[in-house]
Structures are given as structure tokens and as C-alpha cells.
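The structure appears right after this line, and notes come after that.
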Amino acid sequence: MDARQLKVEAARAALAHVSDGMRLGIGTGTTAEEFVRLLADKVATGMTVIGVPTSERTAALCRELGVPLSTLEETPELDLTVDGADEVDPELTLIKGGGGALLREKIVAAASQRMIVIADRSKMVETLGRFPLPIEVNQFGLRATEIAIAKTAADLGLSGPITLRMTGGQAFVTDGGHFILDASFGRIPDTRALSNALHAIPGVVEHGLFIGLASTAIIAGGDGIQTVHAARKPGSSTNHDVA
């Protein structure tokens, strides 16, 4: 199977967790878009759901395909969020934000009872950091914030290029009006320490480390679907099922 077909298979497996009447957080990115297309088929045949999109891009696709939408203001508590990821580690800590919607994705995930991550096998890693970490920052004081991020990372033994995300020759601007810095720190051994340190920088709006939010990962590979469940309590093992 090619990469797109793997995304479709992961999305199809996630759709099995959706039931009539659910309030759904709907992610952003190419894998999440495959889920939207499959969800739209279910809606067309009578399934009733309400979707809360994590980006204007996702909202536009949902409207085009007829998936009913709400907002977090109208629907502040969600049953399930389905979203993709740029990297997934064995504890279901994620790097997200490659699609530029990490702030809204994190807010929606936190408002959900459960979060299912869908991805192909290439996104599974032992330690996060191969994919550059997206950091959403205020436009004001950009250079000062970039320097503060580099110094904070250095205090944790991390270093590497920090680049402003560009699109069409201009700085990429998020739906919230912010810039994104992509930090190529390499291997991140202590994600929680980095998360806390980045949150302490005034110019940082949010970062792409998702810690303790994903409850299940559905991973598609050439040998089938692997379902990984997050540990339910400290010290317990993450559970793996292969279908």
C-alpha cells in the first residue's frame, strides 16, 4: 500500500470508534482529511454527528462534504477527537503542528474525553525529535522569542536550527494570527521538561508537544493495523494490539 492508502486505512479504523450522536473534534492535515471524507460518507447515509474543526482548512472541507459543524463556544465538551500526528512515541506523546494548527488542535484535544491519533507506521518513533518541533509564537518580538527558545533549549542540552516557517515567500500565519518557528533539536529525551520550559517564555503561544492527551493511536502499516493504548496510570504498560 502507498502512503495515502495507509492513511485511509488508519482513518477507516478510527471511524469504527465513532457512534451516532457524538460530538467530534476533527483534526488538521492530510491524514485527518481522509477521516473527514470517510465521516462524510457516513453522514450522507444517516449518521448524526457534530464536528468541531481544528482549523479553517478542516472547516472548509467539512462544509464542502456536508459534515455538520459547531464551535467550542457552542459545544465546549467533546466525546472524541480524531487527528493525525507528525511523530508518535511508545507512550503516545506526540509532535504535532506540521499542518500549522497546533494551538487549536491542542485546545480541542483537551476538551475531548478521548483522542485517537491516526498515522502510518513511519510516524512511530522510539524518541521524539526527528521531526522539527513546531512552536507557535507571537509576531511581536519574534527575534527575541527565538533567542529565548534557543537559550532555553541549550539549558536542557538541546540545540539545532530554529527556522521561521514560510509559505509562498512569506511567513506562514496561523489561523490565530501567529508565526511558527520550527525547531530542529533532534532527539528530545525529556519532553515534559522542554514543554514546561517553552511555556515559561512570554512570546511562546504554544508548542507541538502533546503530552498525556492521546488515549489511543491507530497505526497503519503494510502488515495491518496496530492499535496502541496509552497507559492508564503511572507505572503501567502501554498496551499494543495488532489487527
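Along the chain as shown, the residues are counted starting at 1.
Quick reminder: no glycine exception, Cβ is built from N, Cα and C everywhere.
For Ala85 (substrate binding site), applying a Cβ distance below 8 Å and a minimum sequence separation of six or more within one chain yields Leu94, Ile95, Lys96, Val117, Ala119, Lys123, Phe210, Ala214, Ala217. The DSSP secondary structure for Ala85 (substrate binding site) is coil. Annotation source Swiss-Prot lists substrate binding site at Thr28, Gly29, Thr30, Thr31, Asp83, Gly84, Ala85, Asp86, Lys96, Gly97, Gly98, Gly99, Lys123, citing sequence analysis.
If you look up Swiss-Prot, you'll see Glu105 marked as active site, proton acceptor. Glu105 (active site, proton acceptor) falls within a helical segment according to DSSP.
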DSSP-derived class (H/G/I helix, E/B strand, else coil) of Thr28 (substrate binding site): coil
8 Å Cβ shell about Thr28, Gly29, Thr30, Thr31, Asp83, Gly84, Ala85, Asp86, Lys96, Gly97, Gly98, Gly99, Lys123 centroid, substrate site members excluded: Gly27, Ala32, Ala119
Distance [Cα-Cα, Å, rounded] between Asp83 (substrate binding site) and Glu105 (active site, proton acceptor): 8
Listed binding-site residues Thr28, Thr30, Gly98, filtered to Cα within 10 Å of Glu105 (active site, proton acceptor): Thr28
Sparsest Cβ surroundings (other CB atoms within 10 Å) among the binding-site residues Thr28, Thr30: Thr30
